[in-house]
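Trainee: Please read through the structure below; I'll follow up with questions.
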Amino acid sequence: MSRAAVLTGLGTFVPPRVVTNEELARTLDTSDEWIRTRTGITQRHWAEPGTATGDLAVAAGERALKSADSGGVDLVVLATTTPDHPCPATAPEVASRLGLENAAAYDIAAVCSGFVYGLASAAGAIAAGIAERALVIGAETYSTILDPDDRTTSVIFGDGAGAVVLRAGDPAEPGALLGYDLGSDGSLKDLILVPGGGSRQRAAGTAGAGEPGPRPADSYFSMQGQPVFRHAVTRMAASSLAMLDRAGWAPETVDWFVGHQANVRILHAVADQLGMARERTVVHLDRVGNTSAASIPLALADAVTGGLIAPGDRVLMSAFGGGVTWGSTALVWPGVVAN
Ligand code: ACO
């Protein structure tokens, strides 16, 4: 019998500092009304300077491990766009700080699809017998890469982390991940881009003595909103349908759609394309903004804690992000309590 990855723990953390639309409108040419009506976001959380992605990942990971049935893990997969350093990966230090001695640990860079890619990667390791139990974390500090003068990105993104524990189990039991649909189209990589700081383009001003100074403009996050919006709807809908086909579920039998929390208009458009009632869409972005790789576990935990998702419910997850990348998975909710 094949081994499935079964969800057995869920934990989240957002930094305490709340940044409201009104606060942003004091320094940017924007308004609470524009942000709310165009995106659905009313506030987001931003980490204080000095707090890194790894710190949020440790906090969420600790809570997920507490929420899980028992035991540690032998694999840590961290999905992030905002690692603590370009080198090394953030996951090994997170594993060490969580006391997960000698666990295999690596980062995944699939931007907003990172958490779903992370689930698929960890589940593959479990199915292959490489790991028995895995901690999959999505964690981001977008506040560290946003251009404070760019109203098109600063109002959208927030910081946070969400994590799940997976264990080897039976494909028929509640909590078993029922398959994956993953894809990418790298010809669209310029739609979501941090141009500098990699091997193609060193960050401006860092070639010399490497002295501390103002952040170079090419190390900021940029996004072409309108084409991203269109591709997000098309790809998340197609990927969701492929996943539903794999699970053998008709769209109208899905209890909750937990889509990447980019924009409430995107979530509703995907629900419309799937023929699902919009009320079946979990919406969490109003309180935390777009938290990229952290958005699906944060939305999932919010819906579980708020009593929306109940044991036995059919849950479909789908994401779209930079790369461009997309991915979907599904499970029957196992009754895990979020921490
Ligand atoms: N406040 C006020 N006006 C603004 C703001 C703002 N914060 N931002 C843009 N505008 C203006 C624009 O300049 C434009 O003005 P113009 O008509 O005079 O040129 C107008 O508002 C409309 O701009 P659009 O970009 O057309 O606005 P749109 O309705 O497309 O909303 C948004 C922009 C929210 C970014 C939307 O395109 C979107 O959600 N895109 C998808 C984002 C997404 O899915 N991201 C997921 C992947 S991200 C990742 O992987 C990291």
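Glycine is no exception: its Cβ is also placed from the backbone N, Cα and C atoms.
A quick note: this is a predicted structure, and the numbers were derived from the prediction, not measured.
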Trainee: Between 31-35, 216-220, 261-265, I'd like to know which one TrEMBL lists as region 'ACP-binding'.
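Mentor: Checked against TrEMBL: region 'ACP-binding' maps to 261-265.
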Trainee: Using a Cβ cut-off under 8 Å, which residues of the same chain at least 6 positions beyond either end of the region 'ACP-binding' (261-265) come close to it?
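Mentor: Apart from its flanks, the region 'ACP-binding' (261-265) reaches 38-40, 112, 156, 229, 232, 283-286, 288-291, 295-296, 298-299, 320.
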Trainee: Secondary structure at H260 (active site) (DSSP, helix/strand/coil)?
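Mentor: It is coil.
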Trainee: Whole-number Å only: compute the distance from the Cα of N290 (active site) to the Cα of C112 (active site).
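Mentor: Cα-Cα distance, N290 (active site) to C112 (active site): 9 Å.
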Trainee: Roughly how many Å lie between the Cα atoms of C112 (active site) and H260 (active site), rounded to a whole value?
Mentor: 7
